[in-house]
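The domain 'G-protein coupled receptors family 1 profile' annotation in TrEMBL covers 42-288. The feature transmembrane segment is assigned by TrEMBL to 26-52, 61-83, 103-121, 141-159, 206-226, 238-261, 273-291.
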Amino acid sequence: MDTLSNSSSVSEFILLGLCSSQELQILFFAMFFLVYIAIIVGNLLIVITVIFDNHLHSPMYFLLANLSFFDLCLSSVATPKVIADFLRKHKTISLWGCMAQMFFMHFFGGGEMSLLIAMAIDRYVAICKPLHYKTIMNHRVLMVFLLLSWAIGFTHTTSQMAFTVGLPFCGPNVVDSIFCDLPLVIKLACTETYILELLVIADSGLLSLVCFILLLVSYIIMLVTIRQHSSSASSKAVSTLSAHITVVILFFVPAIFIYAFPFNSYSVDKFLSVFYSIITPLLNPIIYTLRNQEMKAAIKRLSSQYIGSWLDL
Ligand SMILES: *[C@@H]1O[C@H](CO)[C@@H](O)[C@H](O)[C@H]1NC(C)=O
């Protein structure tokens with residue numbers, strides 16, 4: 001009866017990290033550390049600005065703030081440990097720590113994916129049904145979108161992790177990456193994992209591919225629609241849309257590479273995993289704040305208000 005727990009003799013995994021050179025490790029430590037701080041500051045700034053500035057109380061900015069919140073969570077799942085690991089000679093992680101990393105990465109990743117779809121729907125309604133925008137994108141619809149994002153993230157991760165937590169690990173326990181991810185860990189199980197590999201390809205790879213294509217097509221339709229109504233507002237709309245498209249590409253392309261063709265070459269995956277730990281969560285605030293006039297104006301208002309009240313004290 002107890003064969004499963006007996007054969008599961010591995011209690012921790014060894015992470016190889018990005019490279020073995022001591023000097024580069026210190027460089028990576030400094031780089032990741034600074035970028036992680038920028039991620040926290042940038043995304044918190046977006047969340048705080050949207051919540052406190054009345055001009056930004058629109059569905060698009062609420063969704064953007066929630067995206068920033070997901071970015072904060074996504075980058076905090078593994079990055080702090082990745083940073084600390086750069087200074088460690090032996091980078092180990094417990095079996096359950098590894099499972100938790102995979103669970104939460106896919107939880108927040110799935111949620112973020114759903115939110116990107118919600119943001120596309122929001123822009124679609126704004127551009128293709130402008131007269132009905134206020135009635136369609138009301139508070140209740142927004143709340144449903146948000147709840148759905150959390151629910152989809154949860155369903156997505158649970159559907160894969162339910163079959164992963166029970167895997168027996170008895171053999172090699174070396175993960176050639178900076179954190180645990182499904183394709184790498186599943187490969188280490190000492191059992192037949194063919195079905196599970198297919199499940200991950202379908203659940204993470206194909207899903208990302210299909211969402212990516214649908215999102216690109218819908219953004220192209222919106223761009224074409226804007227060009228037909230050549231108005232003064234259209235250049236602003238084009239710049240908003242191109243920001244959204246950039247974020248969509250940055251989020252989905254690495255995911256498609258990692259999960260849609262996962263079980264043959266891992267060396268690339270290691271560098272793609274850097275995307276989800278520091279690059280994507282950093283670029284979202286950069287893209288949305290630096291290129292967005294309303295956001296910049298709101299941050300200025302907020303900071304002058306804050307400094308003003310501080311001087312009054
Ligand atoms: C998410 O969006 C809702 C609007 O439906 C908003 O009330 C909430 O403050 C947002 N959450 C964050 C973290 O920005």
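For all residues, glycine too, the Cβ spot is worked out from N, Cα and C.
Since this is a predicted model, take the numbers as computed values, not measurements.
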Within the predicted model, mean pLDDT of the domain 'G-protein coupled receptors family 1 profile' (42-288): 89
The transmembrane segment (273-291) and the transmembrane segment (26-52) contact flag, 3+ Cβ pairs under 8 angstroms: yes
Recorded stretch, among 26-52, 61-83, 206-226, 238-261, maximising Cβ pairs under 8 Å relative to the transmembrane segment (141-159): 61-83
